[in-house]
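K.L.:
For 275-293, the entry in TrEMBL reads compositional bias 'Polar residues'. For 129-230, the entry in TrEMBL reads domain 'Transglycosylase SLT'. Annotated region 'Disordered' per TrEMBL: 263-302, in sequence order. Look at TrEMBL and you will find 1-28 tagged as signal peptide.
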Amino acid sequence: MPKSRRLRAVVGVLSTLALPFFSGCASQHDPNTLMDSYYTGSVSAREYGYVRPALDVVIRERGRIVGRGVASGDLWQRVRAGMRLDLQANERVDALFERLRRDPWAVERLTERASPYLPLIVTEIERRGLPMELAILPYVESRYDPWATSPKAAAGMWQFIPTTAREMGLRLDETLDERRDVTASTRAALDYLEQLHRRFDGDWELALAAYNCGPKCISTAIENNRRQGKPTDFWSLDLPDETRQYVPRILATSRLVAEAQRTGRLSTDRLGRTAAQSSPSGAHLAETQTQSGGVFLDDHSS
């Protein structure tokens, strides 16, 4: 074989062998190909570069893409379509809903706060087959703020207290607080909500109430009502004032989302216009103080 042909053949072989290497390097450093391995239940913030904006996240299971942080179709339509909790007339829910409805900026605030993180939250809720009202919970807790810290030491978007965070597999030490990791805390919060849902026999209103005041608080209230021959549903329990308002706030805000999406006040086009916020890396965190429990209706709610 002539030297020129042998040289071309060698170059061709080397190019073929090198292609996977360079392709791998390219994908490894491409921020849009960030992905997790098969989901095992507890995700370290370090896997996501602490913290990748939700818009960059690709969720894979067993090598198959099951969701992306980028909205596909109308994200708010997916939220509305996935709502499953009973929204029948209730005085507490109705009063809060009317208050929200009269606020001309309520939908705008919700959209801006949700923008960086809602795609990831919705994808994870859909993956688990849970009611989409749970996507509203971190708005009521913290207005979707990974920096939020309450006077009771609850932190992050989902407002975990340290003991519950550790029980759910989140890392808290002098160098890292995974309560502020959007991906890890979202999965831990949904794990916890699923546990509470099972504990209270499939009653989501009781599960949400337990997320606020703790499962022991709800179990005690149920037992007290049972001894007195009273109903044991959420609306009949003697609970702390904050918890009595907590579940109605979630339901009223969910109703607002459903109505706003149906009437065109919410659309996917409005997502992503807000610059994606990133959480801090490490334990030296600038804290934004919120009211205990993080319950919000508007900027001046009491």
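We count from 1, first residue shown onward.
Glycine is no exception: its Cβ is also placed from the backbone N, Cα and C atoms.
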K.L.:
What is the average pLDDT across the domain 'Transglycosylase SLT' (129-230)?
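P.N.:
For the domain 'Transglycosylase SLT' (129-230), the model's average pLDDT rounds to 97.
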K.L.:
DSSP on the domain 'Transglycosylase SLT' (129-230): how many residues come out helix, how many strand, how many coil?
P.N.:
61 helix, 6 strand, 35 coil
